Amino acid sequence: MRTKQVPVLWACFLLWSLYIASSQTVYPGITARITQRALDYGLQVGMKVLEQLAKEIVIPDLNGSESLKFLKIDYVKYNFSNIKINAFSFPNTSLAFVPGVGIRALSNHGTANISTNWSVKAPLFRDSGAANLFLSGIYFTGIVAFTRNDFGYPALELQDCHVQVSHARVSFFGSLSALYNSFAEPMEKPILKNLNEMVQLCPIAISQVEQFNVNISALEVLTKIDNYTVLDCSLISPPEITENHLDFNLKGAFYPLESLVDPPFTPAPFHLPESRDSMLYIGISEYFFKSASFAHYVSGALGTTLSTREISNYFSQNVQGFGSVLSKIAEIYVLSQPFILQMMATGPPMVNLQRNNFSLEFPAAVIMLTQLDNSTIQPIVSMDFVASTSVGLAILGQKLICSLSLNRFRLSLPENSQRDAKVVRFENILSSILHFGVLPLANTKLQQGFPLPNPYNISFINSDIEVLEGYLLVSSDLAYDTSSKPQPNLNSWGDLNLVHRPWREQPTH
């Protein structure tokens, strides 16, 4: 009887494990989507970059020996040196998504014009000169597969790579060029054979893919945002690839700088719309902003202490006519005694993303204190308040521009405190400080903008931001600066302030 129960127990355990695993699904904080339009533009730019690189490629000498039976010569040693690609064309080239795998590159009917120096040596003669080699019917295919490694980095692998040159035509130049050109056609077959054996495009491509993996792994997935927080942008799953797009699902979570502990909430699922009008779509979930709010709160970043002089001097320099109002605050409360204003968050700012509405609600406490003649600090009044603001967003050039507007301001006294005339006046003054002082100054700072990253000199153009239910949607086209020299590494990310520390395993929820 006990033996029969064992399979049943194992089955129950398996079902329970599957249930637990399904309930721990991790959703992204950020999803970046690349569309077919981006591939088409990337192909267009890539061909221009290849034209620049082709002129700098060092091609090894091509040499060998062949028997020329039509001339009754047993063997001729030949050497082609100083080989340079002058021009090439790949009119039938395409990039397409391969669902569940990656991106396929396909090119056929390509041509290339190559100049070279040549020399031949036979038992009865030797000669040298210049020549042009025209290649046609160039065929290339390969798939770049996208995966994710154990540390949250994207990883690439080149699969099914094949290169074939179908035709080669040689034109010789020199004193005996007419003679050589008369029997160039029989020489083209062995040249084509050796050329196909020596074409190293696939190994070169594999080497570049491997170098990309090395470079991307050298970057830290944690980026230091400020003195309080870091941002984790590691991949949480392999890239998702359909016939129409490629999605990168990123962690998109903020952490306190000194403690990589997940916040006490998890991201909710969201889905990007099936639109193909832009090259790039980025979905930034509510979780991204909530984790930023939580990380700054637990790091102690959301608090400040200001003296009468600091407040008056600061606002008199930045807000016309406002400093004179603040200079009278001491008279209102404590006559000629200076005061100290302490403001601190009592919880993480609450983030709410609804369609066409991005709002932040700041719960905080404000304490006004005065310093007596004997240096004793005496509290005047203590209040809790909640300020609700709306957030406006726009992308201008290469910067993300933000602005805040105050929706409502609510003060509340502790239950055992009395609400007298001084408190009412303090409410009015504090509300005025927020309306006419804090928010305008914050907006002045915010409107300087946050620079958007442009790796490999890729910029955002025709950008738009839309607030949807539970996430922000950024749509943009891309532009590549073709005037800059292509870089073989990721130096364009070098200005990011990266945290150099070992990465931990992906958290589970």
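Indices start at 1 and increase along the chain as displayed.
Note that Cβ sites are derived from N, Cα and C of the backbone, with glycine treated the same way.
Quick caveat, the model's predicted, so the values are computed rather than measured.
Annotation in Swiss-Prot places C202 in a disulphide bond whose other cysteine, of C12, C161, is C161. If you check the recorded positions N63, N113, N117, C202 against N79 (N-linked glycosylation site), the ones with a Cα inside 10 Å of its Cα are N63, N117. Among the glycosylation sites listed here, namely N113, N117, N215, N227, N215 has its C-alpha nearest to that of N457 (N-linked glycosylation site). The shortest Cα-Cα distance from N374 (N-linked glycosylation site) to any of the recorded positions (C202, N215, N227, N357) is found for N227. Long-range Cβ contacts of N92 (N-linked glycosylation site) within its own chain (separation 6+, distance under 8 Å): S107, N108, H109, G110. On a Cα basis, N63 (N-linked glycosylation site) lies 19 Å away from N113 (N-linked glycosylation site). Here the candidates are the recorded positions N63, N117, C161, C202, N357. The one whose C-alpha lies nearest to that of N215 (N-linked glycosylation site) is C202.
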